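Novice: Structure provided below as structure tokens; questions to follow.
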Amino acid sequence: MRLFAPTIALFLCLVTAGASSTHGGPGLSARHNKLARNAGGVITLGSRGNKKCVNRTNKNGTSLTGSGKPKAQDPATPSSKPAAPKPTPAKKPVDTPAPPPASKPSTNKGLINVQSNCGPSGATKQITRVSGPNGSLDWLNCGFETSAGWQPPNIQMKDVITQPLSHALDSPSSPFKACSKYIHLFEQYGNQFGVEPIMLASFAMQESSCNPNTIGGGGEQGLMQITREKCGGAPGGNCLDPDFNIRTATRFFADTVKNNGGNVLLSVGAYNGWRRGLTKSAAFAAAHSSCCRCQNNGDYLHQFFNGWCQNINAYDAKMPLGKYFNLNQCR
């Protein structure tokens, strides 16, 4: 009887343990799965020193730190707004060489106004045989018929009355139609050397009628009738080349004006062989020689300034400009 009681107690314990194990199986598995799913969402806190407190804000929503001042943004914390891009520095303009100064057209559209020892200029708005906007023939030739010889008034480039060469061909009667192929060269080198372009074209009309193949009685070359000693450096030795001829003549004339203290009248005269003190008798001395055309044209200055520079043909048969016409006998 004593042995039976412990046996029964042992049997009852085994039955109870088995029933408990069967009932808890599914529940325990489900609990483990739930814990496994939650494991991925677990936040691991760092050290205490990296913990940040939530900022309090004032009424304006500004973050506050100690002393109630706005807190400077933690440099280690990226801003919620992207930083504004730095402005691109403006590129410095590339320095380019300044273009050569252009010769300025005369601003005096009326009559020449130059004081001299030769008296009033005798300038007239209307161009006549012996006068025009740049003065009378006798005033331009001041002293020519006296023993003292030519005493040119001091006419500067700014004083000269001219017509713009760029518009000269607009006139149907323009004498410069013969120069139409070379207008751009007169403009180019006139602007480069500070000479009125129409003055260069006037030299060409006066000297060669704008014929680039002209060779003078003394060997003068081309459009501008430059002398042989100025032909050094001509392309292929061709002194008649229009570009070389015009450039060389323009440089020579600009240098002459400079050496003459800016006196354009004296310089234009020198281009045709005039000189200070030239007398009429000396100018016409070659009239009866074997070189008749070696004379100085007594009407040259008037024809140049009051004819060609005004877009007028100084040789027009209807009204040729001048009073001497001393070269006519050389035909």
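Glycine is no exception: its Cβ is also placed from the backbone N, Cα and C atoms.
Annotated signal peptide per TrEMBL: 1-21, in sequence order. As annotated by TrEMBL, region 'Disordered' applies to 41-126. Per TrEMBL, the feature compositional bias 'Polar residues' maps to 55-66, 108-126. The compositional bias 'Pro residues' annotation in TrEMBL covers 84-103. Per TrEMBL, the feature domain 'Transglycosylase SLT' maps to 185-273.
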Novice: If I take every residue in the domain 'Transglycosylase SLT' (185-273) and average their pLDDT values, what number comes out?
Specialist: 97
Novice: Kindly report the helix/strand/coil residue split of the domain 'Transglycosylase SLT' (185-273) according to DSSP, in that order.
Specialist: 53 helix, 3 strand, 33 coil
Novice: For the compositional bias 'Polar residues' (108-126), give the DSSP counts of helix residues, strand residues and coil residues.
Specialist: 0 helix, 0 strand, 19 coil
